[in-house]
């Protein structure tokens with residue numbers, strides 16, 4: 001019986017030890033020996049050729065030969081059953097089903113093993129770089145500006161934009177710089193016409209906002225400003241400021257101080273010492289300058305060097321670094337826009353984006369900002 | 001303005017270190033930028049006597065000396081100076097001394113002979129440039145007893161701390177030591193020295209014996225002319241030279257030095273004329289004649305305008321009032337008689353003259369900000385007294401003064417105003433105390449103060465100016481912090497701000513870096529950029545540009561991005577992807593130019609940041625992931641951006657203008673308005689930047705997008721019935737655009753068309769002559785039921801018919 005069935009299997013088929021696939025292989029052979037010794041050789045050979053199939057196609061062919069529904073060896077074996085006695089049929093039937101189940105198990109185990117081998121062979125070098133698109137970065141000055149605008153937004157300050165090309169009237173006169181005011185010297189001005197300038201600060205925005213709207217006003221004025229200066233590592237003829245303005249019935253320097261300190265804590269460091277000192281700007285009275293402690297020398301005025309120390313090059317030994325100018329809106333500015341300084345008071349401040357960015361990121365040259373070198377832009 | 005502590009101490013008695021003075025001035029609004037030491041100390045250098053100076057046994061030019069430096073044994077010193085000789089008293093740098101130039105003196109063998117120190121020249125002590133020989137101390141300290149072995153520091157004046165003070169524009173009084181001394185006095189509770197009181201009490205007396213006339217009384221309300229006869233012009237004494245050196249002013253001669261001394265002390269400019277060079281002698285203060293030529297004492301000839309106030313004699317101009325004297329009447333070595341001018345000129349007039357002539361001097365800087373109109377008499381007296389001291393033979397001659405008393409200014413201060421502005425309660429007593437400390441006159445009037453402003457405080461014209469005096473004297477550090485109350489107010493963002501933010505974010509998401517480019521460009525760059533957008537190049541030009549590269553404002557953002565692109569390509573960047581949001585500026589005839597908000601983007605170079613071939617050679621016609629960005633890659637970016645900006649069905653149309661590559665540029669319209677341009681740039685725009693690779697750009701105006709982007713969309717429920725997909729290819733004449741065919745198909749399909757996507761463009765074997773094939777995938781879906789096959793067939797038939805009718809095309813059969 002077994003021999004005729006065995007003849008259906010190609011004798012050249014590669015064989016392997018199925019014990020590697022089914023750990024109870026020996027026990028099965030023993031059980032079959034007891035039950036129906038005629039099928040031992042079939043199971044032995046069948047399991048060996050299944051275990052020995054090298055690839056999925058071979059395995060499929062052998063599966064068909066052994067377990068195929070139409071012409072498989074087991075099916076053939078079952079087809080011979082009617083010729084047997086009732087008792088023989090009982091045993092043979094049971095044994096054939098056992099062999100079928102066991103061979104199926106061997107087959108499935110081998111199929112799984114082949115699949116695993118195949119996947120292992122297809123393994124990728126996962127360290128290869130991916131096909132990567134470009135990422136866009138916001139400009140470093142945008143990031144600083146947005147940080148500031150977000151902070152002031154939270155404090156209730158909305159944005160107001162005003163022209164970069166501005167009338168002298170707004171850039172100077174209504175900000176209390178008369179035509180012969182010596183403080184005009186501090187503003188090296190680009191002129192685009194007899195009364196037209198490239199704004200030298202973002203403060204003309206206050207005048208426009210106050211002419212256009214009624215107090216109370218809480219506004220910030222971000223934008224580009226211009227000074228007719230030769231360009232070098234620390235000077236640009238174009239840079240960026242944010243002014244702020246708060247006008248209401250009883251605004252005081254105490255409100256200003258709190259606002260400036262909130263700014264310093266948020267933008268610099270929560271525990272960085274600050275101070276405010278008097279300064280002169282024509283458009284505020286009293287005028288305020290805010291300094292933060294020099295970060296380079298930690299407020300000592302000196303830095304350590306191999307020769308035993310020298311004066312701090314950043315604060316020049318003063319221990320403080322100026323960060324912004326501010327003050328109470330000058331009554332003449334209020335009068336110029338038709339606001340009664342007896343009813344309203346207000347504070348204003350102005351700061352430079354580049355200065356903050358240079359301090360925060362350790363950027364050594366102001367020229368880098370408008371050069372747009374990708375190697376620079378992509379760092380932030 | 002420099003403030004040497006040695007000068008300050010002559011005016012004010014106070015108890016503080018230079019650092020404390022600096023701190024006090026800074027916190028009162030006179031920012032001290034630094035404290036420098038003037039003069040030197042020489043630790044380790046002692047007075048020594050040369051006992052013997054013998055020839056060095058092994059060197060012709062060296063001498064071997066035995067030097068008494070006060071120790072038990074004489075020292076052996078090798079010296080190369082030609083003048084060293086026995087008997088000289090010299091500075092000796094002992095072993096271990098660090099010289100002013102940083103050199104450390106060590107025990108050394110020079111040509112085999114031990115040397116235990118170094119004898120010093122004047123240059124080695126940084127006293128002068130003299131390096132001709134060893135310094136003879138008995139000459140330097142003539143008349144003083146020098147003790148051998150004592151430090152030379154004992155004979156040099158102590159180094160003087162000099163404060164570098166930034167004087168605010170509104171405080172011209174701070175441009176004299178007197179003014180700074182007043183601040184220090186108020187800050188530190190000091191008092192005037194006896195000497196200061198004497199100097200401030202002096203008044204020059206004037207007769208009516210000189211021919212002086214102020215023809216322009218508005219420009220010159222006050223003028224003192226004083227003749228001094230028989231002066232001897234010569235070098236200044238050492239104390240004066242040193243005092244001026246501390247101020248950073250080099251010595252010229254005794255007369256000029258004295259005018260400078262008084263300028264720095266009182267902030268009052270003085271001018272001395274050589275009397276012999278004055279015709280008359282007479283002084284006339286008047287306007288210059290227009291076009292008049294005049295040579296100032298810096299030797300430059302200058303053309304004057306009628307605006308300029310001049311000092312003239314009986315015949316000619318001799319000085320520009322408040323700015324600079326003339327070359328011809330300058331005091332020289334041969335001068336015997338001088339005329340001293342001590343005047344007060346109208347600040348605005350001096351400023352205009354200084355601006356017109358481009359000439360800024362120590363005098364003009366003070367006059368244009370405002371000299372104390374009452375200080376002239378004391379300043380002139382100081383000058384004359386010192387001059388008579390320095391030139392014992394001199395005597396005062398003719399004089400005359402024209403003088404308009406300065407108008408006293410009285411202001412009212414409400415302590416309540418100070419309290420309200422500063423946010424800190426100020427009692428009336430405190431206000432009075434603080435103002436009095438600054439020498440304001442104060443009288444009480446109920447709850448208010450009448451404040452008499454001192455003559456030198458030209459800045460105080462309003463009550464709030466007094467509030468500042470109180471606030472800063474009291475100290476800004478005492479101002480409390482009052483956290484802001486919103487009072488119900490909140491910040492808002494305008495639709496325009498939102499559009500700008502979204503525009504940036506949508507471009508960042510496409511993998512473009514944000515650039516910030518300069519606004520000032522050259523005229524040729526600006527003209528080319530304006531023409532590319534079809535703008536009449538009415539550029540906004542600077543009157544006073546710093547360079548040709550920055551002479552006009554950018555009409556749009558193309559020039560800046562092209563500069564940035566060129567820069568990055570030069571640096572070897574394999575891809576440049578940049579955009580900027582900003583304003584283009586063009587003159588449109590208004591009082592101010594138009595600032596048009598736009599986004600401009602630029603891409604060039606490789607398609608992917610990184611990509612490598614994993615499939616072997618690319619098949620012919622396949623999309624090369626390693627290739628460079630082309631028109632359609634770029635257009636895909638711009639389309640995605642427009643979609644993010646909620647631009648509904650933008651229409652792309654061919655566009656031609658200078659600067660673009662012919663046939664590779666488009667304009668984008670929504671309805672009737674053009675909102676953007678896109679395409680590949682042409683050689684005329686690229687060549688000036690030396691860019692030789694294809695560059696694709698996109699220019700979008702942001703204002704037209706505000707409405708679309710701020711619209712609130714209405715929700716639509718997605719269809720739930722199965723959709724049908726049909727792929728149809730058409731042959732159409734080559735000139736038929738995708739847009740035309742797309743529109744035609746869409747119109748024919750009707751409202752069941754859910755999407756229509758082009759998936760193939762083909763022209764080659766099998767295409768009829770003059771035709772091309774465009775293939776579309778269409779998805780049809782009915783909102784309320786499943787489409788029947790017959791309906792689909794009907795729609796397809798409509799589409800085929802429409803293409804035949806409208807585009808002259810036909811279905812491409814399989």
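Cβ coordinates come from backbone N, Cα and C, glycine included.
Quick look at what TrEMBL annotates:
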| type | residues | note |
| --- | --- | --- |
| DOMAIN | B:39-147 | domain 'TRNA-binding' |
| DOMAIN | B:406-481 | domain 'B5' |
| BINDING | B:459, B:465, B:468, B:469 | Mg(2+) binding site |
| DOMAIN | B:719-812 | domain 'FDX-ACB' |
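In the predicted model, the domain 'TRNA-binding' (B:39-147) shows an average pLDDT of 88. Neighbours of residue B:468 (Mg(2+) binding site), defined as other CB atoms within 10 A of its CB across all chains, total 27. For the binding-site residues shown (B:459, B:469), fewest C-beta neighbours within 10 angstroms: B:459. There are 20 other CB atoms within 10 A of the CB of residue B:465 (Mg(2+) binding site), with all protein chains counted. Mapped onto DSSP classes, the domain 'FDX-ACB' (B:719-812) shows 34 helix, 32 strand, 28 coil. Taken residue by residue, the domain 'B5' (B:406-481) breaks down under DSSP into 33 helix, 16 strand, 27 coil. Broken down with DSSP, the domain 'TRNA-binding' (B:39-147) shows 4 helix, 41 strand, 64 coil.
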